[in-house]
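Feature list (source: Swiss-Prot):
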type	residues	note
COMPBIAS	1-16	compositional bias 'Basic residues'
REGION	1-43	region 'Disordered'
REPEAT	90-125	repeat 'Pumilio 1'
REPEAT	126-161	repeat 'Pumilio 2'
REPEAT	196-232	repeat 'Pumilio 3'
REPEAT	280-321	repeat 'Pumilio 4'
REPEAT	329-367	repeat 'Pumilio 5'
REPEAT	369-405	repeat 'Pumilio 6'
REPEAT	520-557	repeat 'Pumilio 7'
REPEAT	562-600	repeat 'Pumilio 8'
REGION	648-710	region 'Disordered'
COMPBIAS	652-680	compositional bias 'Basic and acidic residues'
Amino acid sequence: MGKTKSRGRRAEKKSKKNEPEFNEDVSNLDSDATFANHESSSTSGIPNTFFGLVDNNELDYFKQAESTLNINAFESEEERQGFINSVLEEAQGKELKLVTNQICSKLMERLILFANYNQLKKIFKQFQNHFVSLAFHKYASHVLETLLVRSAALIEKELTQTDEEQLQLQEEKEEEDKDSINDVPMEDLFISMLNEFKPHLTTMIDHSYASHVLRLLILILAGKELPSSITSNSTLRSKKSKIARKMIEIKDNEDFDRAFQTPQSFKNELRAYCQTIIAGLDTKSARELSIHKIGSPVLQLLIQVEGLVDRERSFWHLIFAKDSEGKDSVEESFVEYLLSDSVGSHFLESIIKNDGARPKYIERLYKLYMKDRVLKLAKRSTTGVYIIQALLFKLKPVEVEYILDQIIPELAELISIADNQNLDLANKLIDASISRGNYRRDEIINQLFIKFAPNYDIENPSDNTSTEFIENILQLTGSTLGNTRDDWPTAEERKRALFLEKLMEYDYKFVICTWFNFMALPIERFVQMCFHGVFCHVVEKALIVEPEEPKTIQILRKRLLNIFQSQIVGLACNSYGSHIVDTLWNFTVLLPMYKDRIASELLSESHKVKESTYGRLVWKNWGMELFVRKKYDWKALIKQQEQEYYGETEDSTEKRAKKPIELKMERLAEEKRRQEEMAERAQSGYTKRKLEEATGTGSEKKQKLRGRRR
């Protein structure tokens, strides 16, 4: 017999991989005491109840029912509700084994999403005394989360319902079922469930599935917004769960992405939960939790909501020292680990961003452990830089300006084009500068041009400008631009495009630089950008006109418009390009010849444009029916647009500064009007004298006037 392979190595490697370790320079912390030991010791308290297997006949029926609900091809709401009722009748008494089955758990989740309030209560009743087991289960925990969200909506409805709604609900109960459970308020059922979880709270914190249930319970008790279960930045589900829900097409209903009213008893339950959890923690274990991949988000949430029920902020002071205390060597080592660890930095960033911690707590940590090395932390592109970004919007104005003074002169060095590092830092610096009254704005602009367009002359841009600006930011070479395999734009491309759009919104100099880069591109490459799902937005955002535009910029605008010649019809018939053609209507203000040229190009292939869904929208937005049939009215639209650009509408109170040629024309018109008035007065005087001479009344009047003067 050959030598047998020793067992348990994979598990040992995995535990070592997941085990958080402090750096060697972290003093006074026991590096041997890892959270893995706590995890292994707590697993003994995890309930593991077996609810039975679903047989093949039942499985086929429930799979078909799940598919029917997924397609949702019911003719009416009543038909769908009838189908749900029949499935619930078939599932009665089998709910627990269905939610623990991979396939049937999807059906139960759909049933809960579509169920009415009475049906929800029935399902809730079936789960009683088994909530803990379901929370620790891989599939059942997802069903339980959906049930909790809908239960929160039902609790709010019971709190706010009118007498008429109560009467209607009572009638529905009598018609559907005589079960006494429907007479019990949902609030009482929910509190009963909360009591089931209390002995297991410390075990739930670091469990892969139960921790998500615990976070949702805390959000409901605190009356916070319950996030979506499918959006990428949701705190409700894990990343894998959100991807899976998209693949199986389970969508949230209107109960997600909102907060609910909660009864006063929930505050007491939240206080009890916080006290129960904190009783099982000390400073060492709490700090270990804060750098634990699963436990850290739970601790972040507890710090965020503890202020609702605990003035002393026990969780915060369990991890960090009191605000009256000075620098501590153990705390300093812990903060240093947070600033250099991926999980720890996310924990610190989250508690700074959220409104749970008091500003003086954050200010203490900043002054003691971060202020003297702001620039060094900003160079940690995967950890410390996110802390600095969060601090920019939480500290006092003086401290924010200090951070800006440290980072702005080195901004060009901090940004890495190749590694796509610190683009977010540039974004946050711009926002912080704007919030401080455009603090050091010109320096930020110069630093960004030094980094992304070092050869570009900001004051005197020339015609031989290269494409380095958009190439360095968008990384067009190697992107999905021009691919014929229908590749989806990557998240990286989307992030870069949004950054360029941000720069163009920040200062018009970036718009001018982008125009020169567009003109330096081969026309085919530029057209590919217009057809790209992400880069088309960059083109669209660049087509803006500055108020009181100088003549040189207007000439540059004409040159940019020449690129679109012979491309209008193709763009108009494309889902992305059609938005660009729509934008050209405003971009061609004061350039009626270019408007006419674009409209003529659309008219030349009107049949093709009108056959396209997007082309028809462009045809309408450009007022092409007026262009074809009533050219004078179309010209009136252009004139109206020019008046709006100059601010000469009837409702406008401010007048623009007039150009010299306009002032000269006004002077000439005023002089001509004055001369006409003088000529008219002279003519009227001559006519009057002739009339007086003819009637003989003039001399008498003169005598009378002379007598008065005497």
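Here the Cβ of each residue, glycine as well, is placed from N, Cα and C on the backbone.
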Distant-in-sequence neighbours of the repeat 'Pumilio 7' (520-557), which means Cβ under 8 A and at least six residues beyond its ends: 465-467, 470, 474, 476, 480-482, 488-489, 493-494, 497, 500-501, 504-505, 508, 511-512, 514, 563, 567, 570-571, 574, 576-577, 579-580, 583-584, 586-587, 589-591, 645, 656-657
Three-state composition of the repeat 'Pumilio 4' (280-321), taking helix and strand from DSSP: 28 helix, 0 strand, 14 coil
Average pLDDT across the repeat 'Pumilio 5' (329-367), rounded to a whole number: 95
Number of helical, extended and coil residues in the repeat 'Pumilio 1' (90-125), per DSSP: 29 helix, 0 strand, 7 coil
